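Engineer: Below: one structure in structure tokens.
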Amino acid sequence: MGLLLLVPLLLLPGSYGLPFYNGFYYSNSANDQNPGNGHVKDLLNGVKLVVETPEETLFTYQGASVILPCRYHYEPALGSPRRVRIKWWKLSENGAPEKDVLVAIGLRHRSFGDYQGRVHLRQEKEHDVSLEIQDLRLEDYGRYRCEVIDGLEDESGLVELELRGVVFPYQSPNGRYQLNFHEGQQVCAEQGAVVASFEQLFRAWEEGLDWCNAGWLQDATVQYPIMLPRQPCGGPGLAPGVRSYGPRHRRLHRYDVFCFATALKGRVYYLEHPEKLTLTEAREACQEDDATIAKVGQLFAAWKFHGLDRCDAGWLADGSVRYPVVHPHPNCGPPEPGVRSFGFPDPQSRLYGLSRT
């Protein structure tokens, strides 16, 4: 019952959307207008440089490889190839700075920062400058810009990358509303996750997430999702939705946090053991089985993506005790699917088993 590695999903988007013009539309005619902004710009006697990227968001998983499509062409086509410079970078979001990813001229290229060794241009066909990212990480999701530079002219397109994952609320072992923003970031990271974005929380609410305690989001706002309005959660008179307290002070204010975990590279399973274990004994039992005790984010991901269903509660790495239910049944908690929690019991108690990866 050792660790089993899963084959990561390789997402190969097969179609390209309409061109993205980045504020300028190159036209054969000086009278042509871009409906979006009205700018006109010519390249080499009326030849247009057009960059094409997909309009739809690309979805993939942590640990997988993904191709961000980007192609360019000239209208009308040029008789001889031109030397261009390609630049990919990740756009700024929620206060995070922009990140250079890769620059290339011909066959020469350079990657930057955390992307070194994980990115390269496909360049399998003429004018194909798609970017492949390998071993995707939680922090890789976001918006990427593909820029083609021809002399003094440049054009670019936008590609949005989203990881498939699960949002879960997290509360400190010390109780409700004990975490400032930075502590929220830390506890999410410790549980194999990152702080969720508003878009991820909203998507989770659309899928049925209902939680009355407010928590930090990636942009340092504090919000909570409500499916069933009720008195302790803003009152029954308000419509369902994601309620917001707005931005809060990152250091002084304290709430819970919403974390986002993506699909696993390995497997979470319940360790069959003849006796119930303390938290320390549970950690040791996992090591003896060539595994590690599971984190909260890993358990949620296993429940969401691999259908982990177990009515027996087990220890997790943070000292909490939880169990995942996909198909609710009698004597196994509420009638809805979810990951149930017994909170943070005495670590010396011998009432629980363990989940591991």
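In case you wondered, yes, glycine gets a Cβ from its N, Cα and C as well.
Per TrEMBL, the features are:
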type     : residues      : note
SIGNAL   : 1-17          : signal peptide
DOMAIN   : 48-164        : domain 'Ig-like'
DOMAIN   : 166-261       : domain 'Link'
DISULFID : Cys212-Cys233 : disulfide bond
DOMAIN   : 266-357       : domain 'Link'
DISULFID : Cys311-Cys332 : disulfide bond
Engineer: Compile a sequence-ordered list of residues in the same chain as Cys332 (disulfide bond), six or more apart from it, whose Cβ lies below 8 A from its Cβ; state 'none' when nothing qualifies.
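Structural biologist: Cys332 (disulfide bond) has long-range Cβ partners Cys311, Val325.
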Engineer: Let me know the most crowded of the disulfide-bonded residues, choosing from Cys212, Cys233, Cys311 and counting other Cβ atoms within 10 Å.
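Structural biologist: That would be Cys233, with the most Cβ atoms nearby.
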Engineer: According to DSSP, how is the domain 'Link' (266-357) divided among helix, strand and coil residues?
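Structural biologist: Result for the domain 'Link' (266-357), in helix, strand, coil order: 21 helix, 20 strand, 51 coil.
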